[in-house]
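J.: Quick one: this structure, given as structure tokens, is what I'll be asking you about.
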């Protein structure tokens, strides 16, 4: 049996009772270690808590060496641990498909993730649209396909959750080209860098999906003891120091509910200004009034 087990957001004890029982019954335990990190627990602490050795599964192992993970899973129990919920990344869906192709039974044990815990910032979950990912820009690569999704969300008044890039056990282009197994230090995108990249792409595309004054909410270390939120404009949060990772961001939709706004005011330095920014943004992105079609005369 292959178990895909969600670990939750932060603590070693965030795993569910059913998930913990499954881990204890597994021969091998893998921890996916490149789409997210467990902020309040180390590998060693997890091993002590589970009473099991934990094998770190980097991108290369999961995407290219899945046969190693699935080895003998038709005869013994193998656990694949994922920070958050198991289906927070398409890679994990692919692992399930490979297991099923090999006739290996699969059981998924869910947990909290940023996709639902984001509601703790005060925005209502059913007012969210498509989620986007913001990657680190390079000199030669500045992807902007996410921009269209932000535009679509904003047109129908929905908030956009932005997941920020992390780089764990990544190689530089030079080391890859030379075949050197030398890895760069871990990097975690900050709220400020995300906002700077948002502004850069809006300037480039100039389609007015948002402006520098569009309200956003910065989320830091969600689910951890030092969880914090910051509400302001994209321009303001482009200079905001949110502290230690992990970070994420929400771009407000143009139809923010009054209860959402009241909640967000607790996270801003200037309540009156933020209120006015929200009102101005809603007017800025207000669609043209609907005009009924002219009926043709007989």
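Just so you know, glycine gets a Cβ as well, placed from its N, Cα and C.
From Swiss-Prot, for reference:
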BINDING   9, 85, 88, 113, 114, 164, 222, 247  S-adenosyl-L-methionine binding site
J.: Consider each pair of residues in 9, 85, 88, 113, 114, 164, 222, 247, all listed by the record as binding S-adenosyl-L-methionine, and report the largest Cα separation in Å as a whole number.
T.: 17
J.: What is the number of other Cβ atoms found within 10 Å of the Cβ of residue 222 (S-adenosyl-L-methionine binding site)?
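T.: 22, counting other Cβ atoms within 10 Å of residue 222 (S-adenosyl-L-methionine binding site).
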J.: Of all the binding-site residues given, 9, 164, which has the fewest Cβ neighbours within 10 Å once its own Cβ is left out?
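T.: Counting other Cβ atoms within 10 Å of each of the binding-site residues 9, 164 gives the minimum at 164.
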J.: Please classify the secondary structure at residue 247 (S-adenosyl-L-methionine binding site) using three-state DSSP.
T.: strand
J.: Tell me the Cβ contacts of residue 113 (S-adenosyl-L-methionine binding site) under 8 Å, same chain only and six or more apart in sequence, or just say none.
T.: 6, 8, 9, 84, 85, 88
J.: So, three-state DSSP: helix, strand or coil for residue 113 (S-adenosyl-L-methionine binding site)?
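T.: Coil, per DSSP.
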J.: Including all protein chains shown, what's the count of other C-beta atoms within 10 A of the C-beta of residue 247 (S-adenosyl-L-methionine binding site)?
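T.: Within a 10 Å radius of the Cβ of residue 247 (S-adenosyl-L-methionine binding site) lie 25 other Cβ atoms.
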J.: With an 8 Å cut-off on Cβ-Cβ distance and a minimum sequence separation of at least 6, pull the same-chain contacts of residue 114 (S-adenosyl-L-methionine binding site), or say none.
T.: 9, 84, 88, 161, 163, 219, 222, 248
